[in-house]
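Below: the structure, in structure tokens.
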Amino acid sequence: MTYLHIDNLTKRFGNLTAVQDVSFSVDEGEFVTVVGPSGCGKTTTLRMIAGLEEPTSGTIRIDGSDITSLPAYRRDIGVVFQDYALFPHKTVFENIAFGLKMRGEDEQTQREAVDEMLEIIDLEGYEDTYPHECSGGEQQRVAVARALAFDPDLVLMDEPLSNLDKKLRQSMRTELKRIQAETGVTTIYVTHNQTEALSMGDDIAVLNDGQLQQFDDPKRVYREPEAPFVADFLGQSSRVDGVLETPSRVDLGDGNSVAISERDGFTPGDEVAVFLRNELVSIATEQPSTGNVFEGIVTELDYQGGEVNYFVDVPSLDISVQVSTVVSQTDSFLEAGMDVWMQIDPSDVIYTRIDDQSRTEVSPAEAAVEQ
Amino acid sequence: MTGQWNWRAVKLVSALVYVSMFVPLLVVVVNSFHPQRMASFPPSSLTLHWYGEFFADQMLLDAVWMSTKVGVATAICAGAVGTLSAMGFVRKQFPVKKGLVIVMLSPMLVPPVIVGLASTMFFTELGWERSILWLVTMHTLIALPYAFLIVRSRLFLFDESLEEAAQTLGADHLTTFREVTFPIISPAILTAMIISFVISFGEFTATQFWVSRETTTAPVVIYTMLETLITPKVNVLATLVLVITIAIPIAGMALQRWLASPTE
């Protein structure tokens with residue numbers, strides 16, 4: 001059942017269009033991640049939903065009622081800010097109880113709600129501490145509790161984990177999902193981190209340049225990207241452009257082609273971008289007998305312990321392909337300068353139609369690199 | 001080695017500056033306990049005689065009381081107006097903002113004697129009689145740039161996401177100010193008020209144009225006493241003015257530390 005409805009949301013700052021015609025719907029109890037490089041409009045979208053930014057046009061509806069023109073303080077939407085924005089002069093109790101106090105709830109109700117929240121976030125006994133006395137992870141959880149305590153219609157989180165170190169981020173990710181499942185609150189979670197977006201979202205909205213590129217569940221977004229940007233942004237891959245020759249083969253020029261598995265909505269003659277995912281390409285010194293096979297030369301290897309990344313030049317396609325392989329204790333390594341064969345199954349080849357906008361696109365890979 | 005000598009030179013010069021600042025003040029304080037009318041320094045003995053005379057002199061007590069009233073009222077007015085204007089200048093965008101900042105700061109830039117003279121001519125032309133209200137108005141004008149600058153610099157550092165957080169939690173603009181903004185910037189407002197009080201309490205150059213017989217302030221009385229009758233009571237008054245201008249900021253700092261303690 002559709003709960004949150006966003007319709008043609010647009011925000012212009014002077015000549016700059018930060019968000020353009022973004023529409024999507026979220027079901028009740030769903031956890032949606034909004035992902036994209038910095039400056040893609042994801043935070044602006046979130047701020048419009050929260051009521052902290054006025055949309056230039058478009059509507060926002062919750063449970064059927066239009067909230068577009070309501071001020072933030074009349075919206076019943078909890079927000080977890082990137083820097084937490086805990087009130088420094090108030091205790092953990094006063095912070096968490098603030099939303100209830102604003103709604104005129106009595107002491108007793110506040111006490112019960114805060115106790116319940118502290119139990120959920122596992123910070124019992126922290127009532128009288130001040131935010132500055134809490135660690136980063138604890139502050140983060142207090143911020144989540146404050147946004148949830150007044151039983152909001154919707155919770156918005158703006159890169160809530162970006163200020164934490166990598167280990168803590170990992171565990172907080174699980175923690176946030178657990179809290180969301182426990183409270184069942186509809187959540188929109190903004191991040192620039194692709195792993196976070198894929199692992200946490202029931203659905204993912206991929207934004208670029210203020211436009212919604214795709215809104216789908218994580219597996220479909222990863223496996224059947226609808227725009228070159230989506231394929232490029234999520235995951236590590238190498239891109240080659242070509243033209244669809246038959247429904248199951250792409251002509252890559254210069255007599256090269258790649259077999260693909262057929263998908264609806266494509267017709268021969270379509271210009272497509274082909275993506276070879278690093279982890280789906282295998283590498284061997286003997287010529288493989290099946291699948292798409294390319295000849296290449298190893299230029300570099302990047303040893304990362306459990307896995308090795310090989311950088312392989314493919315002269316026929318004029319690209320450099322990265323191949324990630326898991327290595328066991330006894331595996332030997334390929335060396336730079338070696339001639340190798342690379343193989344990828346037709347069903348593992350990802351391809352998308354090229355639209356006019358994405359033809360001149362620069363690689364968003366830098367923005368996508370996990371911090 | 002030269003570095004060490006340079007450092008010693010800095011220390012020596014600093015010490016000389018402070019000595020030349022504080023020794024004259026000390027002379028005034030010591031002389032207020034001097035037994036003779038024509039003071040020779042150092043005094044041969046100490047007495048509270050002039051303090052007794054001072055507290056018996058209603059005119060002097062009135063002047064100190066007047067200065068205190070004007071100072072407190074100025075602190076409140078400059079604190080409130082300074083805070084409001086700082087909020088406006090930091091948070092809102094409007095045309096000729098930079099130019100208006102200079103207007104805000106101009107009372108600090110114009111020589112006090114000119115401020116005194118010009119305002120007196122202006123008010124007299126308007127037919128406004130000298131009164132405590134006149135004093136408070138003009139002292140507020142003189143203290144306002146300082147109050148404005150102090151609160152403004154605090155607001156520049158203020159994390160506005162705190163206010164946004166309050167709003168998403170259901171606080172309207174007024175409640176947000178009361179619950180979040182004000183408590184966090186209150187130490188700066190207090191500082192602004194203390195500075196305003198001290199400026200008002202010690203202001204002489206412009207104030208001499210503004211006082212009437214009924215509204216004369218302590219600094220003006222000190223000057224008049226030196227001009228007309230030489231009495232050691234003036235040392236007592238000076239000592240008292242000195243003590244108040246030092247005690248108020250110290251009390252303020254203590255209050256501030258107490259206010260700020262949870263956020264440190």
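Placement of Cβ uses the backbone N, Cα and C atoms for every residue, glycine included.
Unlike curated records, TrEMBL annotations are generated automatically.
Residues or ranges marked as domain 'ABC transmembrane type-1' by TrEMBL: B:64-252.
With a cut-off of 8 Å between Cβ atoms, the residues of this chain six or more beyond the transmembrane segment (B:12-33) that come close are 39, 41-43, 46-48, 50-51, 232, 235-236, 238-239, 242. Look at TrEMBL and you will find B:12-33 (among others) tagged as transmembrane segment.
Summarising the annotation, TrEMBL assigns transmembrane segment to B:70-90 (among others).
Look at TrEMBL and you will find B:102-126 (among others) tagged as transmembrane segment.
Marked as transmembrane segment by TrEMBL: B:132-151 (among others). Listed by sequence, the residues of this chain that lie at least six past the ends of the transmembrane segment (B:132-151) yet keep a Cβ under 8 A from its Cβ atoms are 66, 69-71, 73-75, 77-79, 81-83, 85-87, 89, 104-108, 112, 115, 119, 123, 185, 188-189, 191-193, 195-196, 199-200, 203, 206-207, 210-211, 215, 217.
Residues or ranges marked as transmembrane segment in TrEMBL: B:180-202 (among others).
Marked as transmembrane segment by TrEMBL: B:234-255 (among others).
Among residues of the same chain six or more beyond the transmembrane segment (B:102-126), those with a C-beta under 8 A of the stretch's C-beta atoms are 85, 89, 134, 138, 141-142, 144-146, 148-149, 203, 205-210.
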